Amino acid sequence: MAQPSVILATASYDHTIRFWEAKSGRCYRTIQYPDSQVNRLEITPDKRFLAAAGNPHIRLFDVNSNSPQPVISYDSHTSNVMAVGFHCDGNWMYSGSEDGTVRIWDLRTATCQREYESRAAVNTVVLHPNQKELISGDQNGNIRVWDLAANSCSCELVPEVDTAVRSLTVMWDGSMVVAANNRGTCYVWRLLKGTQTITCFEPLHKLQAHDGYILKCLLSPEFCDPNRYLATASSDNTVKIWNVDGFKLERTLVGHQRWVWDCVFSVDGAYLITASSDTTARLWTMSTGEAIRVYQGHHKATVCCALHDGAESAPS
């Protein structure tokens with residue numbers, strides 16, 4: 001099976017994962033996922049595998065195969081896995097779960113190498129671009145930085161007491177981190193330059209982005225520069241695009257009929273894919289804010305999406 005240059009996948013409460021031709025909107029592969037819902041999808045840096053975070057496991061599927069079976073399963077979590085991602089060289093994977101832990105996995109052996117205790121259900125985990133720190137956000141409103149070299153929590157923040165941190169995102173150059181919560185608020189910190197670690201958070205901005213929940217926040221990628229954007233996906237059925245320079249509202253993406261759960265930028269930041277409870281995923285062009293493609297095929301809420309349209313990074 002020839003590898004497509006653009007890998008686009010979505011998952012739904014209908015217990016399927018679907019792969020799509022991004023341009024035509026055609027679904028070319030469906031994987032049945034009967035064991036649980038899928039909370040998060042992520043594609044490995046080398047474009048070979050798709051990780052699906054479920055309850056309570058993570059399953060890895062071969063992107064270039066028609067096999068319905070996972071290649072490997074990661075099984076130490078005891079509750080919903082809400083976050084999953086990869087080190088840039090693809091050697092290890094990280095995850096966060098409602099069981100209150102953040103874990104690091106050897107991708108090949110599926111062994112859990114490290115476990116960090118957050119003491120509350122973990123909703124979101126991101127890897128700092130320095131590849132040396134994980135940042136987690138939990139249901140009690142805590143943000144914690146996990147120093148992988150020191151193997152400990154190096155920093156703890158509570159932007160709003162007892163308000164769940166739903167989503168975290170870090171600028172590609174490590175200069176900024178944004179946390180979005182259940183009250184529609186984004187907290188923005190500058191990560192001070194000249195420091196080797198992320199633990200110097202300087203409050204930069206508080207953005208009341210939506211009236212409803214923010215389900216996902218995402219900063220634009222490197223190749224979008226010099227333009228820098230923040231996308232916020234919400235329970236108010238919209239995605240808003242903010243210019244990071246001053247946090248002015250640039251566009252509101254209107255078209256989804258129900259909650260927008262997830263979003264992902266194309267590698268150049270020119271397009272955005274979104275996933276919604278209205279069962280669809282959509283492709284938006286950032287220049288006009290128009291939806292230029294609708295991906296239809298799921299029968300229930302589409303809750304996560306993954307896109308890899310850049311060059312694959314070779315495994316080390």
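From the backbone N, Cα and C atoms, a Cβ is placed for every residue, glycine too.
Just so you know, TrEMBL annotations are computer predictions that nobody has curated.
Taken verbatim from TrEMBL:
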REPEAT    1-30  repeat 'WD'
REPEAT    74-115  repeat 'WD'
REPEAT    115-148  repeat 'WD'
REPEAT    207-252  repeat 'WD'
REPEAT    253-294  repeat 'WD'
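Note on the repeat 'WD' (115-148): DSSP counts are 0 helix, 20 strand, 14 coil.
Same-chain residues lying 6 or more positions outside the repeat 'WD' (1-30) and placing a CB less than 8 Å from one of its CB atoms are 36-38, 41, 43, 47, 50, 52, 61, 63-66, 273, 275, 279, 281, 283, 293-309. Within its own chain, the repeat 'WD' (74-115) is flanked in space by residues 39-40, 42, 44-46, 51, 53-60, 121-127, 131, 134, 136, 138-139, 146, 148, 151, 313, 315-316, which lie at least six positions past its ends and keep a Cβ under 8 Å from the stretch.
Residues belonging to the repeat 'WD' (74-115) score a mean pLDDT of 97 in the model. In terms of DSSP secondary structure, the repeat 'WD' (207-252) contains 3 helix, 24 strand, 19 coil.
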